[in-house]
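Trainee: Found this in TrEMBL, in case it helps:
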type: TRANSMEM; residues: 12-33; note: transmembrane segment
type: TRANSMEM; residues: 39-58; note: transmembrane segment
type: TRANSMEM; residues: 79-98; note: transmembrane segment
type: TRANSMEM; residues: 141-164; note: transmembrane segment
type: DOMAIN; residues: 146-351; note: domain 'NADH:quinone oxidoreductase/Mrp antiporter transmembrane'
type: TRANSMEM; residues: 184-206; note: transmembrane segment
type: TRANSMEM; residues: 226-251; note: transmembrane segment
type: TRANSMEM; residues: 263-286; note: transmembrane segment
type: TRANSMEM; residues: 292-315; note: transmembrane segment
type: TRANSMEM; residues: 322-341; note: transmembrane segment
Amino acid sequence: MIFTSPALSYTLLSPILILLGGALIGVLVEAFVSKALRPVVQLTLSLGTLMLALMQVWRIRGEESLTPAMGSLVIDGPAVLIQGSILIIAIISIFLIADTEQFTPLAAALPGSAEEREAEQAGNQVTEVYPLTLFAVSGMMIFPIATDLIMLFVALEVLSLPLYLMAGLSRRRRLASQESALKYFLLGSFASAFFLFGAAYLYGFSGSITFSGIQAAVVGGTGNDVLLLIGMSFLSIGLLFKVGAVPFHSWTPDVYQGAPTPITAFMAAATKVAAFGAMLRIYYTVFANAEWSWIPVISAIAIISMVLGSLVAIAQRDVKRMLAYSSIAHAGFLLSGIIALNKSGLDATIF
(Lines of atoms letter the chains of each structure in order from A and count residues from 1; the text may use other names and numbers.)
(Lines give C-alpha, C1' and ligand atoms only; values in the text may rest on other atoms or scores of the structure.)
Protein backbone atom coordinates (compact mmCIF):
# COMPACT_ATOMS: atom_id res chain seq x y z
CA MET A 1 0.00 0.00 0.00
CA ILE A 2 1.36 3.39 -1.02
CA PHE A 3 0.58 6.22 1.35
CA THR A 4 -0.04 9.57 -0.31
CA SER A 5 0.18 12.63 1.89
CA PRO A 6 -2.77 15.03 1.65
CA ALA A 7 -2.30 17.98 -0.68
CA LEU A 8 -2.44 20.97 1.66
CA SER A 9 -1.40 24.55 0.99
CA TYR A 10 0.07 25.45 4.36
CA THR A 11 0.70 29.04 3.31
CA LEU A 12 -2.96 29.67 2.51
CA LEU A 13 -4.08 27.80 5.62
CA SER A 14 -1.50 29.47 7.87
CA PRO A 15 -3.89 32.01 9.51
CA ILE A 16 -6.15 29.19 10.69
CA LEU A 17 -3.22 27.01 11.77
CA ILE A 18 -1.73 29.92 13.74
CA LEU A 19 -5.02 30.46 15.57
CA LEU A 20 -5.43 26.78 16.43
CA GLY A 21 -1.81 26.58 17.57
CA GLY A 22 -2.23 29.66 19.75
CA ALA A 23 -5.41 28.23 21.27
CA LEU A 24 -3.68 24.94 22.11
CA ILE A 25 -0.75 26.79 23.69
CA GLY A 26 -3.31 28.78 25.69
CA VAL A 27 -4.73 25.53 27.06
CA LEU A 28 -1.22 24.47 28.11
CA VAL A 29 -0.73 27.85 29.79
CA GLU A 30 -3.82 27.15 31.91
CA ALA A 31 -2.27 23.86 33.01
CA PHE A 32 1.34 24.84 33.68
CA VAL A 33 1.59 28.60 34.34
CA SER A 34 0.92 30.04 37.81
CA LYS A 35 -2.33 31.91 38.45
CA ALA A 36 -0.51 35.19 39.00
CA LEU A 37 1.10 35.13 35.55
CA ARG A 38 -1.76 33.67 33.53
CA PRO A 39 -3.64 36.92 32.74
CA VAL A 40 -0.57 38.64 31.28
CA VAL A 41 0.65 35.53 29.45
CA GLN A 42 -2.78 34.75 27.99
CA LEU A 43 -3.40 38.33 26.89
CA THR A 44 0.03 38.58 25.25
CA LEU A 45 -0.34 35.17 23.61
CA SER A 46 -3.83 35.94 22.27
CA LEU A 47 -2.89 39.34 20.89
CA GLY A 48 0.29 37.96 19.33
CA THR A 49 -1.58 35.06 17.76
CA LEU A 50 -4.29 37.29 16.29
CA MET A 51 -1.79 39.84 14.98
CA LEU A 52 0.34 37.12 13.38
CA ALA A 53 -2.76 35.58 11.77
CA LEU A 54 -3.79 39.01 10.46
CA MET A 55 -0.33 39.49 8.97
CA GLN A 56 -0.63 36.14 7.20
CA VAL A 57 -4.05 37.09 5.82
CA TRP A 58 -2.49 40.29 4.47
CA ARG A 59 0.31 38.26 2.85
CA ILE A 60 -2.09 35.94 1.00
CA ARG A 61 -4.53 38.69 0.00
CA GLY A 62 -3.67 38.42 -3.71
CA GLU A 63 -3.70 34.62 -3.93
CA GLU A 64 -6.57 32.35 -4.89
CA SER A 65 -6.95 28.60 -4.68
CA LEU A 66 -9.84 26.21 -5.08
CA THR A 67 -7.98 23.38 -3.36
CA PRO A 68 -5.95 24.62 -0.37
CA ALA A 69 -7.25 21.65 1.64
CA MET A 70 -8.12 18.93 -0.91
CA GLY A 71 -11.18 20.79 -2.13
CA SER A 72 -12.80 21.26 1.28
CA LEU A 73 -11.84 24.94 1.51
CA VAL A 74 -11.47 27.79 -0.96
CA ILE A 75 -9.38 30.94 -0.77
CA ASP A 76 -10.50 33.93 -2.85
CA GLY A 77 -10.87 37.69 -2.55
CA PRO A 78 -14.12 37.79 -0.53
CA ALA A 79 -12.84 35.04 1.76
CA VAL A 80 -9.66 36.96 2.58
CA LEU A 81 -11.65 40.15 3.21
CA ILE A 82 -14.05 38.36 5.55
CA GLN A 83 -11.21 36.64 7.40
CA GLY A 84 -9.40 39.94 7.84
CA SER A 85 -12.57 41.55 9.20
CA ILE A 86 -13.06 38.72 11.70
CA LEU A 87 -9.47 39.05 12.94
CA ILE A 88 -9.74 42.84 13.36
CA ILE A 89 -12.96 42.39 15.36
CA ALA A 90 -11.27 39.71 17.46
CA ILE A 91 -8.27 41.94 18.23
CA ILE A 92 -10.58 44.72 19.42
CA SER A 93 -12.58 42.19 21.45
CA ILE A 94 -9.47 40.85 23.18
CA PHE A 95 -8.84 44.29 24.68
CA LEU A 96 -12.41 44.27 26.01
CA ILE A 97 -12.01 40.72 27.33
CA ALA A 98 -8.93 41.89 29.25
CA ASP A 99 -11.35 43.67 31.63
CA THR A 100 -11.50 40.81 34.12
CA GLU A 101 -14.15 42.56 36.22
CA GLN A 102 -16.70 41.44 33.62
CA PHE A 103 -16.09 37.73 34.28
CA THR A 104 -16.89 35.48 37.22
CA PRO A 105 -13.85 34.53 39.34
CA LEU A 106 -14.79 30.83 39.31
CA ALA A 107 -16.99 29.51 36.52
CA ALA A 108 -17.67 26.16 38.19
CA ALA A 109 -18.98 27.66 41.45
CA LEU A 110 -22.67 28.02 42.19
CA PRO A 111 -23.90 31.64 41.98
CA GLY A 112 -23.72 33.27 45.42
CA SER A 113 -21.97 30.29 47.03
CA ALA A 114 -19.19 30.54 49.61
CA GLU A 115 -16.81 29.01 47.08
CA GLU A 116 -17.51 31.85 44.65
CA ARG A 117 -17.00 34.48 47.37
CA GLU A 118 -13.68 32.91 48.36
CA ALA A 119 -12.53 32.91 44.75
CA GLU A 120 -13.48 36.57 44.41
CA GLN A 121 -11.64 37.52 47.60
CA ALA A 122 -8.58 35.59 46.39
CA GLY A 123 -8.60 37.58 43.14
CA ASN A 124 -9.13 34.60 40.83
CA GLN A 125 -9.52 35.36 37.13
CA VAL A 126 -11.11 33.18 34.45
CA THR A 127 -8.31 33.30 31.90
CA GLU A 128 -9.69 30.30 30.00
CA VAL A 129 -11.71 32.82 28.00
CA TYR A 130 -8.62 33.66 25.92
CA PRO A 131 -8.05 30.21 24.34
CA LEU A 132 -11.82 29.81 24.00
CA THR A 133 -11.88 33.04 22.00
CA LEU A 134 -9.08 31.79 19.74
CA PHE A 135 -10.92 28.52 19.12
CA ALA A 136 -14.09 30.46 18.26
CA VAL A 137 -12.17 32.74 15.88
CA SER A 138 -10.58 29.74 14.14
CA GLY A 139 -14.05 28.30 13.51
CA MET A 140 -15.22 31.66 12.20
CA MET A 141 -12.24 31.75 9.83
CA ILE A 142 -13.14 28.34 8.39
CA PHE A 143 -16.91 28.90 8.17
CA PRO A 144 -16.99 31.31 5.18
CA ILE A 145 -14.38 29.39 3.16
CA ALA A 146 -15.80 25.87 3.56
CA THR A 147 -16.84 24.20 0.31
CA ASP A 148 -18.36 20.98 1.58
CA LEU A 149 -21.06 20.24 4.12
CA ILE A 150 -18.85 18.32 6.56
CA MET A 151 -16.29 21.11 6.80
CA LEU A 152 -19.10 23.65 7.13
CA PHE A 153 -20.61 21.74 10.06
CA VAL A 154 -17.25 21.28 11.78
CA ALA A 155 -16.58 25.02 11.49
CA LEU A 156 -20.06 25.77 12.84
CA GLU A 157 -19.45 23.67 15.94
CA VAL A 158 -15.91 24.96 16.50
CA LEU A 159 -17.17 28.55 16.54
CA SER A 160 -20.33 27.77 18.52
CA LEU A 161 -19.13 25.61 21.43
CA PRO A 162 -16.74 28.22 22.91
CA LEU A 163 -19.48 30.85 22.66
CA TYR A 164 -21.89 28.63 24.59
CA LEU A 165 -19.34 28.46 27.42
CA MET A 166 -18.33 32.12 27.40
CA ALA A 167 -21.95 33.30 27.49
CA GLY A 168 -22.26 31.91 31.03
CA LEU A 169 -19.19 33.61 32.55
CA SER A 170 -20.66 36.98 33.53
CA ARG A 171 -19.74 38.22 37.02
CA ARG A 172 -22.99 40.14 37.41
CA ARG A 173 -26.40 38.50 37.05
CA ARG A 174 -24.84 35.06 37.46
CA LEU A 175 -28.11 33.15 37.24
CA ALA A 176 -29.24 35.12 34.19
CA SER A 177 -25.86 34.50 32.59
CA GLN A 178 -26.03 30.75 33.17
CA GLU A 179 -29.64 30.68 31.97
CA SER A 180 -28.66 32.49 28.77
CA ALA A 181 -25.77 30.09 28.18
CA LEU A 182 -28.05 27.08 28.64
CA LYS A 183 -30.69 28.58 26.35
CA TYR A 184 -28.06 29.36 23.72
CA PHE A 185 -26.68 25.82 23.96
CA LEU A 186 -30.06 24.08 23.72
CA LEU A 187 -31.40 26.19 20.86
CA GLY A 188 -28.02 26.05 19.12
CA SER A 189 -28.08 22.26 19.38
CA PHE A 190 -31.50 22.17 17.74
CA ALA A 191 -30.25 24.45 14.98
CA SER A 192 -27.21 22.22 14.45
CA ALA A 193 -29.50 19.19 14.24
CA PHE A 194 -31.57 20.90 11.56
CA PHE A 195 -28.34 21.77 9.75
CA LEU A 196 -27.24 18.12 9.79
CA PHE A 197 -30.64 16.92 8.59
CA GLY A 198 -30.41 19.44 5.77
CA ALA A 199 -26.95 18.20 4.85
CA ALA A 200 -28.24 14.62 4.78
CA TYR A 201 -31.15 15.53 2.51
CA LEU A 202 -28.85 17.47 0.18
CA TYR A 203 -26.55 14.46 0.01
CA GLY A 204 -29.56 12.32 -0.84
CA PHE A 205 -30.51 14.80 -3.54
CA SER A 206 -27.11 15.11 -5.19
CA GLY A 207 -25.03 12.15 -4.03
CA SER A 208 -22.31 14.61 -3.00
CA ILE A 209 -21.33 16.65 0.05
CA THR A 210 -19.32 19.20 -1.95
CA PHE A 211 -20.82 22.52 -2.98
CA SER A 212 -19.78 21.93 -6.60
CA GLY A 213 -21.46 18.52 -6.66
CA ILE A 214 -24.71 19.87 -5.19
CA GLN A 215 -24.63 22.82 -7.59
CA ALA A 216 -24.18 20.46 -10.55
CA ALA A 217 -27.20 18.43 -9.41
CA VAL A 218 -29.28 21.61 -9.05
CA VAL A 219 -28.29 22.85 -12.51
CA GLY A 220 -28.75 19.45 -14.12
CA GLY A 221 -32.08 18.78 -12.45
CA THR A 222 -31.10 15.15 -11.93
CA GLY A 223 -32.25 14.84 -8.32
CA ASN A 224 -35.53 14.77 -6.45
CA ASP A 225 -36.77 18.35 -5.97
CA VAL A 226 -38.51 17.40 -2.71
CA LEU A 227 -35.17 16.38 -1.19
CA LEU A 228 -33.65 19.63 -2.45
CA LEU A 229 -36.39 21.76 -0.88
CA ILE A 230 -36.27 19.96 2.47
CA GLY A 231 -32.47 20.00 2.56
CA MET A 232 -32.32 23.67 1.61
CA SER A 233 -34.92 24.55 4.26
CA PHE A 234 -33.20 22.68 7.08
CA LEU A 235 -29.75 23.99 6.14
CA SER A 236 -31.13 27.53 6.04
CA ILE A 237 -32.61 27.14 9.53
CA GLY A 238 -29.15 26.40 10.91
CA LEU A 239 -27.64 29.41 9.15
CA LEU A 240 -30.48 31.81 9.98
CA PHE A 241 -30.18 30.83 13.65
CA LYS A 242 -26.56 31.97 13.70
CA VAL A 243 -27.42 35.39 12.24
CA GLY A 244 -30.43 35.79 14.56
CA ALA A 245 -33.05 36.35 11.87
CA VAL A 246 -36.77 36.09 12.62
CA PRO A 247 -38.24 33.59 13.55
CA PHE A 248 -34.97 32.06 14.80
CA HIS A 249 -34.09 35.05 16.97
CA SER A 250 -35.58 34.14 20.35
CA TRP A 251 -32.17 33.38 21.88
CA THR A 252 -30.61 36.68 20.87
CA PRO A 253 -32.01 39.18 23.47
CA ASP A 254 -31.52 36.87 26.46
CA VAL A 255 -28.03 35.76 25.45
CA TYR A 256 -26.84 39.27 24.63
CA GLN A 257 -28.19 40.51 27.98
CA GLY A 258 -26.88 37.62 30.08
CA ALA A 259 -23.43 37.20 28.53
CA PRO A 260 -20.45 39.27 29.69
CA THR A 261 -20.41 42.57 27.80
CA PRO A 262 -17.11 41.83 25.95
CA ILE A 263 -18.51 38.50 24.76
CA THR A 264 -21.74 40.18 23.67
CA ALA A 265 -19.72 42.64 21.58
CA PHE A 266 -17.65 39.82 20.10
CA MET A 267 -20.69 37.71 19.24
CA ALA A 268 -22.66 40.62 17.81
CA ALA A 269 -19.95 41.41 15.28
CA ALA A 270 -17.70 38.45 14.51
CA THR A 271 -20.35 35.72 14.44
CA LYS A 272 -22.49 37.63 11.97
CA VAL A 273 -19.54 38.33 9.67
CA ALA A 274 -18.67 34.64 9.54
CA ALA A 275 -22.28 33.48 9.15
CA PHE A 276 -23.10 35.90 6.36
CA GLY A 277 -19.85 34.99 4.61
CA ALA A 278 -20.98 31.35 4.59
CA MET A 279 -24.51 32.27 3.47
CA LEU A 280 -23.18 34.31 0.55
CA ARG A 281 -21.07 31.39 -0.65
CA ILE A 282 -23.93 28.92 -0.34
CA TYR A 283 -26.74 30.95 -1.86
CA TYR A 284 -24.63 32.56 -4.59
CA THR A 285 -23.09 29.27 -5.74
CA VAL A 286 -24.93 26.16 -4.57
CA PHE A 287 -28.52 27.42 -4.70
CA ALA A 288 -28.19 30.17 -7.32
CA ASN A 289 -30.14 28.14 -9.90
CA ALA A 290 -32.90 27.29 -7.43
CA GLU A 291 -33.72 30.90 -6.58
CA TRP A 292 -37.41 30.27 -7.27
CA SER A 293 -37.59 28.21 -4.08
CA TRP A 294 -35.72 30.30 -1.52
CA ILE A 295 -35.85 33.97 -2.57
CA PRO A 296 -39.55 34.47 -1.61
CA VAL A 297 -39.01 32.89 1.81
CA ILE A 298 -35.76 34.73 2.57
CA SER A 299 -37.39 37.97 1.37
CA ALA A 300 -40.22 37.54 3.86
CA ILE A 301 -37.76 36.71 6.65
CA ALA A 302 -35.68 39.80 5.79
CA ILE A 303 -38.70 42.11 5.87
CA ILE A 304 -40.05 40.71 9.14
CA SER A 305 -36.59 40.86 10.74
CA MET A 306 -36.13 44.50 9.76
CA VAL A 307 -39.57 45.56 10.99
CA LEU A 308 -39.74 43.49 14.17
CA GLY A 309 -36.15 44.18 15.21
CA SER A 310 -36.48 47.93 14.72
CA LEU A 311 -39.85 48.28 16.46
CA VAL A 312 -39.07 46.11 19.47
CA ALA A 313 -35.66 47.77 19.94
CA ILE A 314 -37.42 51.09 20.55
CA ALA A 315 -39.23 49.73 23.60
CA GLN A 316 -36.16 48.26 25.33
CA ARG A 317 -34.79 49.70 28.57
CA ASP A 318 -31.67 47.54 28.64
CA VAL A 319 -28.91 48.63 26.26
CA LYS A 320 -27.79 45.07 25.54
CA ARG A 321 -31.32 43.93 24.70
CA MET A 322 -31.67 46.97 22.45
CA LEU A 323 -28.42 45.94 20.75
CA ALA A 324 -29.83 42.43 20.32
CA TYR A 325 -32.97 43.61 18.55
CA SER A 326 -30.90 46.05 16.52
CA SER A 327 -28.75 43.13 15.37
CA ILE A 328 -31.92 41.28 14.34
CA ALA A 329 -32.93 44.26 12.21
CA HIS A 330 -29.46 44.46 10.70
CA ALA A 331 -29.64 40.76 9.86
CA GLY A 332 -32.73 41.58 7.80
CA PHE A 333 -30.89 44.34 5.96
CA LEU A 334 -28.01 42.00 5.15
CA LEU A 335 -30.41 39.30 3.96
CA SER A 336 -31.80 41.80 1.46
CA GLY A 337 -28.36 41.86 -0.15
CA ILE A 338 -28.33 38.07 -0.43
CA ILE A 339 -31.72 37.87 -2.13
CA ALA A 340 -30.56 40.36 -4.78
CA LEU A 341 -28.43 37.52 -6.19
CA ASN A 342 -26.22 39.83 -8.26
CA LYS A 343 -22.85 41.55 -7.98
CA SER A 344 -24.35 44.68 -6.42
CA GLY A 345 -26.02 42.62 -3.72
CA LEU A 346 -22.79 40.72 -3.07
CA ASP A 347 -20.77 43.94 -2.81
CA ALA A 348 -23.37 45.57 -0.55
CA THR A 349 -23.55 42.60 1.83
CA ILE A 350 -19.76 42.32 2.14
CA PHE A 351 -19.46 46.07 2.65
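Quick reminder: no glycine exception, Cβ is built from N, Cα and C everywhere.
Note that TrEMBL annotation is computational and uncurated.
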Trainee: Where, among 184-206, 263-286, 322-341, do we find the most CB pairs under 8 A to the transmembrane segment (141-164)?
Mentor: 263-286
Trainee: What residues elsewhere in the chain lie close to the transmembrane segment (39-58), defined as a C-beta under 8 angstroms and at least 6 residues from its ends?
Mentor: 14-16, 18-19, 21-23, 25-26, 29-30, 33, 80, 83-84, 87-88, 90-91, 94, 98, 100, 125, 127, 130-131, 133-134, 137, 141
Trainee: Go through the chain and flag residues at least 6 beyond the ends of the transmembrane segment (322-341) whose CB is under 8 A from any CB in it; none is fine as an answer.
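Mentor: Contacts with the transmembrane segment (322-341): 243-246, 249, 252-253, 255-257, 264, 268, 272, 276, 279-280, 283-284, 288, 291, 295, 298-299, 301-310, 312-313, 316, 348-349.
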Trainee: Go through the chain and flag residues at least 6 beyond the ends of the transmembrane segment (12-33) whose CB is under 8 A from any CB in it; none is fine as an answer.
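Mentor: Sequence-distant neighbours of the transmembrane segment (12-33): 41-42, 45-46, 48-50, 52-54, 56-57, 60, 63, 65, 68-69, 73, 75, 83, 87, 127-128, 130-132, 134-135, 137-138, 141-142.
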